[in-house]
Structures are given as structure tokens and as C-alpha cells.
Amino acid sequence: MEAFEISDFKEHAKKKSMWAGALNKVTISGLMGVFTEDEDLMALPIHRDHCPALLKIFDEIIVNATDHERACHSKTKKVTYIKISFDKGVFSCENDGPGIPIAKHEQASLIAKRDVYVPEVASCHFLAGTNINKAKDCIKGGTNGVGLKLAMVHSQWAILTTADGAQKYVQHINQRLDIIEPPTITPSREMFTRIELMPVYQELGYAEPLSETEQADLSAWIYLRACQCAAYVGKGTTIYYNDKPCRTGSVMALAKMYTLLSAPNSTIHTATIKADAKPYSLHPLQVAAVVSPKFKKFEHVSVINGVNCVKGEHVTFLKKTINEMVVKKFQQTIKDKNRKTTLRDSCSNIFIVIVGSIPGIEWTGQRKDELSIAENVFKTHYSIPSSFLTSMTKSIVDILLQSISKKDNHKQVDVDKYTRARNAGGKRAQDCMLLAAEGDSALSLLRTGLTLGKSNPSGPSFDFCGMISLGGVIMNACKKVTNITTDSGETIMVRNEQLTNNKVLQGIVQVLGLDFNCHYKTQEERAKLRYGCIVACVDQDLDGCGKILGLLLAYFHLFWPQLIIHGFVKRLLTPLIRVYEKGKTVPVEFYYEQEFDAWAKKQTSLANHTVKYYKGLAAHDTHEVKSMFKHFDNMVYTFTLDDSAKELFHIYFGGESELRKRELCTGVVPLTETQTQSIHSVRRIPCSLHLQVDTKAYKLDAIERQIPNFLDGMTRARRKILAGGVKCFASNNRERKVFQFGGYVADHMFYHHGDMSLNTSIIKAAQYYPGSSHLYPVFIGIGSFGSRHLGGKDAGSPRYISVQLASEFIKTMFPAEDSWLLPYVFEDGQRAEPEYYVPVLPLAIMEYGANPSEGWKYTTWARQLEDILALVRAYVDKNNPKHELLHYAIKHKITILPLRPSNYNFKGHLKRFGQYYYSYGTYVISEQRNIITITELPLRVPTVAYIESIKKSSNRMTFIEEIIDYSSSETIEILVKLKPNSLNRIMEEFKCTEEQDSIENFLRLRNCLHSHLNFVKPKGGIIEFNTYYEILYAWLPYRRELYQKRLMREHAVLKLRIIMETAIVRYINESAELNLSHYEDEKEASRILSEHGFPPLNQTLIISPEFASIEELNQKALQGCYTYILSLQARELLIAAKTRRVEKIKKMQARLDKVEQLLQESPFPGASVWLEEIDAVEKAIIKGRNTQWKFH
């Protein structure tokens, strides 16, 4: 009776595993097998979707029968048969052996107030069952003791019959348990149990009565389960279906049933898997593995504890073990020791059947057919026989080796955006070339060139040229392979799924007819390719040459280096620059900028020349394309593989970031004129040269786009935006839409990386909210620019929001006088943005930032403005009491004065433990309401991201009932409602430490302000700083030097202007005597002026020196003419005009004297100017903060 004790329903119902499958129909996959009937094979297909709850009804009763068979296995009276039948919708399951005890159940009778017997309790009462509480060594398939009850609930009628050797018990249950008729009990010596029932088909989505198809489908499914049970119970018990014995009394027979039709003549390997410790050792598993090339993916049938198990750790364990063995065996089997072979899923040709019992498992999933147990149980206790693994592995490897076959070079290939050469793959295949275009626009150019026809009969055409698109990007294959080295030193290269499925690279493989298992060392091997070479046709920019072409070369070097050695990989080198001289139609063409620079230096002037850049293939017009394709062969350059190339490929495209970082710490060494001449003379490009110049330039450019320069704290994009903003808003600072301003920047600053990226950068430059990257925005945002809630990701569309330049801040932080002294980036031969700014204050340590690039991490936490001002002023002002102390600290590279993290706009706390600072959010506890109110989050933690991180933490959510966010963009108010009696438990589980209290630990209200101070250097490459002081110390000399340069330049300009104005005043005084109007031409007048000692001057340079250096001013300003005098108009000779010039000279002289004083001041020239500009910046920042950076 104890086995049928009635339990508490509430506790029972809490178990998720007790609930049945879904009532709606779903696709039941994998339910197909075959069986032998009079020596014929018959298929059992499933034609339609079925209701899991209905299948569960049948399954629960079948599992009950197999559980009973296992329970009686060691008893005197065993179960010798299980009879399952299904006819006209009526399901029946009968087994012999001890029946259900026929005795009155006192507890149930008392509750029901009538006589209730144990069979009724077992089949009709949800609060009782033998499987509710199971021991750890239990191998029953039943889970919660409710399976039979659920079957009764979903049945129109059911008949329960059981005999215990003394009595026979028959009871009718109707109307889904609504009517339980009194049982009929009669004397009997029989021992058996039978369940018959008719499910409520109509309510489960079936016809009533069942249609022929439904009857056939359900019969097939039940028969399969009967066959599975036959394999599970073994030979001692016979399983009948519709009175015919099932012939699958072993795991081998069950495996044959599933695979004979789909994979005849396949090899079947069987084994017994034993465990080394109880209770697992008492129940070995039977395994059969069917290996066949017919199978295209791993499949399994698993009957554990009588349940048809669709998933489980036992399958994972077996699959992993097989995979390891196959990989090892495959490596040992390949004869060619240098062959690079790829392996896909090593289990894709296996169908595995597992039958047996596993103690102590749990059943999960909606249908309770997913086995759950710790995977280490199998690793620790179970061992698979080596003979089984060896024989099966050999079969699998044989199939894998057979699948490595040569590709048919003459077959048609179906690849997107591919046009086949007419002779490709034929007798003249080696005369064909595949043109690999960077993108669609390049394809268009190639098509134009290849279809010139009669106008270029000797040029390339589709007869011998095919073309394919690279799609604008190529995957880095070097990072998508795993090299496996065997004990014998053999290397096997395994491509991952991403690389295997990459359409672009697989398209190239198919089009060329490449074989991953061929080296192409011999001409015979290369002759089997569909083309004689591949020609990369990419843009002449960094993305095209440095990235896409580099990745294509790396792909061939990785798998087929011999093809590069034998000249198979080439490139189309198109003109980068064309110079059109006035009056001439044939331009001078240059393929490298170094060639153009060398040529330009030899020219006296480029005034009569038009210089046009062609970085994109699409820039060439039809006429230029025709001209190029007339000399097509001369533009095709072959790559060569030199000794150093292998290492460089590994550095730039491999997975070892430390090697790449060391290489990228230095800038690119440009090609010399000699190198370019050598390349043109032989039309060959060493791979190492391409990698050291083009690929390295691309990598460094990528770094500069992602990591800021330490001098200005800006990436290249932000620098372009600032330079564009200064230029765009110079005359009128009216607001402009973000997308309009983005178009201006792209046009005037030559931004080539897409509108979306540029607009995002503009929006970020104007964002100003607690936690935003920029504490000092260079633009004023008008509209919704994002909030703290989503970390700025909720900004409005660039079409609807506008920006203005934060001119008051920009003018003081970036003085206009500096702009003439900075080095500039030249794009397409035109001046764009500065290579770097050197602001009045070290902006690099004044703002937040985080970004990875090429193995480096860049993370900065803004420092306190007051500390920065104090340090810079102490450096500049010799009268500052800390001046000498700071210079001592800089000299000896030590830290003395504080440089703390900024707490501006942050209401939390900053604390230092050891070498790191930590930021802490704040909270208030209301014990009465059982609520914790978070009033501030750690620095730079967006609200939504924070709440999501808490919700994902299961050990925290066990204490939390609800999280409600009432935060605004400026303030934090997050209510964390706790479950009853949780506060004390939180204090116990989340310990209080010196660094954080229990609530801070529990709510994750602390983050570490750990920094990665990696910045771009002024001349390219990366510099790694250890402290913020080092950044400041490195920046100070650059800013200091700028003042000296500025003053020296101003001094030179003032002197030249004074000379010019003095000469003009002298001429006005002597004009009557000179009387130049009497001379016939300018040449004669100039001679007279020269004889009278007037200096020839370059008036244009003196009036508008702009970007001229001091050296240029001193050299060219005095090498001019007398236009500054001869162009004077009559009114400029009047006494009033002369008086104004004399006053102007006096002012310039006074300023010159002041500049000379500033050049002589200590501690360095321009120190007082720097102090004044620091004061101006401070005032602008205070005003900006007080006005939310609106400045009004």
C-alpha cells in the first residue's frame, strides 16, 4: 500500500516534468522504419502532423508495461509477454506477470466515502502512483506516476482489467473520468494487467471515427514503439503487435529495421557499454552503429528505460568519443604527409541505436523524452569497447577518404555573378583568365572592356576571360581553420563551417576547379584547372589593395601556395593618377603615388595641369576603359612568393595578435622610385612587398579609424567631422540636419566608409548625457540624440535631428592660429583634415572611450578637469608653487600631483583599492516595503543594459520579484522589489567585503575603471601608455612646441608685412620723383624700382600665408615682383591712405615687439599665451556645462 500513498497535489504539481505534451498538432519527425514481413521489406511512413498529447497517451501505457517487466525481472513470476494492439481507434496493452494488488485502499476510501481499490487509485487518482518518488538507482521510464491518469482523462472510455493470482478485477471508466463504475471482482488464478481505451480523438484534432490515413499513421507509430520495446526488454519477453510478434528482440535487429531500406548493404557495428560503479554497472547499454555514405547527417534512435529518447547526454558522450577517434584515425590514414585535408562532421555518416537502462536520470522536454543527467557521469563511469570504436572508425574513415575525389573540371558551375569564359574548362583552359572584380561596379567596368569587340580585336574578350564578383569583401580564411598535427608530424587543416559555407570563396573554388587535396606542383596538376590564372581587379584604395587583395592572396597562400609560386595569381594594376596637360589629349599616367610625387618635383609648375585621382575602378569612364583594355596585357602583374612572405601572411592574417601588434607599432615604409621602376619593368609584385606596404597601410588605417591619437583623443572619423564642422559652420553657425552635414563632410573631407557610419559618428560627437563618451561635445545636438537609457542607441534618424558647431568651445580648445601649423592628410591630391590636432588641454584624457583594433584594446576613463587644469598650469606657469615639482616629476617619470577619474554628472562614489579606481552606484532600502531603490548606476552603465544583466543572473532573480524602471535620461530610479524574507538571505549569500557591501554585490553596483591606454602615435603605429600621467607628459611638449612655431611664424609674417607696407609708404613719398607712368611697360618700371632699392616681394604669399611654413616664407616671400607697388590705384597714393598705412605699420611693429618678447619669455616661448588660452577654455567649459552645451 505504501507504493500507492496519496501525496499532496500542490507539491506534486510543482514538478514541471509532470505535465503532458501540447494538445495542438505538430510535425513528428524521424518516425519511419522498415520491418520484415514474410521476407519482404515494408516501410512505415508518417503522412501527417499529430498531436503529442495523443501519442503520449499510448506511450505512457507502453512504458508502464516495460517498467513492470523490468520490476519483475528478478522475481519468480516474470513478464513473458506484452501484447499491444490498435484497431479502429481502440488501443490496448496487456502484459502478464503480477497484476495490480486487488485490495481496498483505506485512505482513498475515506476521502471518496466509498470503497476504492488499489487498481482504481493507480489508474484514476492523480494524487497517487508508484513513480512519484524514485530512488537514485531507479530505472523506471515513468516520471511522476500520472501517465495512466492522463490517458484516462483523454479517453471516451477505458477498461481496466487486472488479476493478481487470486482475484480478477474489471472496472469501466467513462466520460474522461467523470464516470467511474464500481469494479467487478471475481476469483481467478490468472496474473495479468490489460488497459483498453478509446481516446477523445475529435478534441485532439482528429476525425471521429479515424480516417484510414489517421488509423494507418497511428498504427505505424505504435508499431515502431512496440519494436523499440522488443529491443529494450530483450529475448526473455515477447512483444506482440496486433497478435504478431515483433522481430526486433535485439539492438542489431532494431538498427536493421531503421536502416535496411534507406541504406542497404551498410556495415553495422555493435557493442555493450559497461560502467565501473554502481548503480550504473548493473545496467549495461547496448549500442549498434550503422555506417553508410547514404547518411548525410548524424541520426540516432535511443530507447532508455523504455522511453523513446530524442535527446540526451549519453548521445553527446558517444558522439564526441567517436569524433575524436575518427579525427585521429583519419590523420593516421592519409598517405600524403603534406596533404592539407578538411573534415566536416565526422559523425555525418552514422545512424546509432542505443538501448538500455540508466539509473537516476530525469526526463525533461514537453513530452518528457529528453534525458537529463550530468555528462561527467558518462566520462567518469562508462567506457566504450575499443574494438567497437576501432572497427566503426575504420568504416567511417573509409567513407571520408572515398568522398575526397577530384573535381570534374568540365562540369558547369552555378555561382552568383559569374560569367564563364567561352574556353574555360576546355582544351585551351590554360589560356583563360578569371577576372575577380571587387564588386558590381568593377564588374561593369570589366564587361565594358571585354565587349569592345571590333574596336580592339587583339584585346581581351569573353573568349578567354571569365569574370566573377568578390562581393566587396572576403573572409579571412586564416582564422577559420584549425591545424591538427599528428604524432608523425603530419598536418591536417580543418576548415570550419563558416569557411566551408562561404559563398564567395567557394564560388572561386568551383569556378577554377580547385581541389583542397592537390598541391598543383606539377604542370599536369595545374592543367586540370578550368582557368590558367586568376586576376584580381580591385580598387586602388586601402580597402581594395590592402584588405581585399591581401585576403585573396592569403587564401591562395593558405591552401595552394604552389599556385602563387607558378604565377597563377595576378592583379590588374590600373592607373591611380592621370595628369592632363593643357592643350594635350593624352594624359600622363601613374600607378603609385610615389611615381607622381617624383614626377611633380621635376616640374616647374603644375598650374597648366589637371590632376585626377582614380582610387575606385568605377571612376574610369568608357573612353578611359577602352584605352586601358587596348594595353590590357601590360596592366596585368604577377605575384611572386618570396621567403619572407610566409611569415608576413601569418603576421597580418593569422590569429597571433601579439605578432601583428609588434609589426604595427611602426609606420609604413613607402615604395621607393627604384622599387616602382623594378615592378613595372618585370610586371611582378613580391607578396612580401604588397603585405609590407598595402596590407600594412590598410591595417594602420583601420587602427586610426578605431583608436584615437593621444595628442587629440580623436579617431580619424571624428577628426574629419571636426574639421568639416569648422569649415562648414565658419560663415554661418545655423543648424544643419545630420545627414546634410554628413554629406558635406564626405565631400570636403573625403570620407569613404559609408553614410551610416559617418552619421553615427556625428551623432556621437553631439551626445551629452550622463555616461556618454564625450564630456565636451564638439557639436550642439538639436533633437533627440539618444539617452542614458539605451546608451545613446535611441538617437533619432539623421534626417530629423540637427547639429550646430559648439563654436565657443571649439574656438578656445582649438585656436585658429594652430591650423596653419598642423600636418594635414591629403586625399585625392587635396588637403583634407589635420593628421592630428593639439588642443589647448589634453583631450585624450578628458573623455571616455573604448574600442578594440587589431589585437589592441583602447579603454579610457575621463580624468577630473580640475586636476588636469592644475597640472597643465603648474607646467606652464613658472610662478606656480608646484612648477618645479611637476618638472621634476616629468623628468624622472613619476607621479606627484593627483589625476583622479572624473565624477562630473555622476552622483555615485569613486573609491580606490590598490592600483585601480572603482565606481559605485547608490541605493536606498525600504525594509517595510521590501524594496531597494537604485538612485545611481556605476559609471557609463546604460539603464536598460544594466537591468537586462540582472535579469539574466539566475542566482539574483531568485530573490527578486519585480524590477521597475522609472529612470529619466538624467536621473536613475530603479525599483527592485524583493520576494518576502529575501533581504536577510541576500546579506548571507552576497558577502560584504572591504570593497563592496552586500547590496552592491547583489545588485552589481560596482565596476572597475580598468584602462587600456593604447593610442595612435603622430607618425602612425601604436604607443602603449601605462598611466594617464604618461599621456599627459607625452602631450605637453607637442603643445609647447606649437606656441614657439606659432610665434615664430607670426614673427616672420609681421616682418614681411612691415617690409611691404614700409616699401609702399616710401613709394608714395617718392612717386612724384619716380613718375613711373612715363614708362611704356611693367618691365621697365620694375627695373627703375629695383635701381632705387625697392624689394621685390611675393604679395600673395605675404598677405595670405595660410599653410606656408616659416622656411617657405623666408625663401619665397622675397623672390617676388613689384606687383604690390605697380597695382596701387590712385586713391591709394593719397595722403589719407598713406597715413592709414603708417598707423598700420606702427601696430604691426608693436605686435612684432610683443611677439619678440613672448619668444624670449620663460619657462618657454608663448607660456603666457598658453595660460590665457587655458583660462578661455575653462570659461567656455563652465558656460557649456551651465547651459547644457547650448551656450545661451
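Cβ coordinates are placed from backbone N, Cα and C, and glycine is handled just like the others.
Annotated features, as they stand in Swiss-Prot:
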{"type": "BINDING", "residues": "N64, N95, G142, T143, N144, G145, V146, G147, L148, K149", "note": "ATP binding site"}
{"type": "BINDING", "residues": "E438, D539", "note": "Mg(2+) 1 binding site"}
{"type": "BINDING", "residues": "D539, D541", "note": "Mg(2+) 2 binding site"}
{"type": "DOMAIN", "residues": "707-1174", "note": "domain 'Topo IIA-type catalytic'"}
{"type": "SITE", "residues": "R799", "note": "site 'Transition state stabilizer'"}
{"type": "ACT_SITE", "residues": "Y800", "note": "active site, O-(5'-phospho-DNA)-tyrosine intermediate"}
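For the binding-site residues given as E438, D541, the lowest number of other CB atoms within 10 Å of the residue's CB is seen at D541. Here D539 (Mg(2+) 1 binding site) comes close to E438, A442, C545, K615, G616, L617: these same-chain residues lie at least six apart in sequence, with C-beta atoms under 8 angstroms from its C-beta. When the recorded positions L148, R799 are compared by the number of other C-beta atoms lying within 10 angstroms of their own C-beta, R799 comes out lowest. The recorded positions under consideration are N64, Y800. Their Cβ neighbour counts within 10 Å are lowest for Y800.
Closest by Cα distance to D541 (Mg(2+) 2 binding site), from the recorded positions N64, R799, Y800, is R799.
For the domain 'Topo IIA-type catalytic' (707-1174), the model's average pLDDT works out to 92. Calculated from their C-alpha atoms, the gap between N64 (ATP binding site) and Y800 (active site, O-(5'-phospho-DNA)-tyrosine intermediate) amounts to 67 Å. Residue pair R799 (site 'Transition state stabilizer') / L148 (ATP binding site) shows a Cα separation of 65 Å. When the alpha carbons of Y800 (active site, O-(5'-phospho-DNA)-tyrosine intermediate) and L148 (ATP binding site) are compared, the span between them is 64 angstrom. A coil conformation is recorded for D539 (Mg(2+) 1 binding site) in the three-state DSSP classification, outside any helix or strand. DSSP gives N64 (ATP binding site) a helix state.
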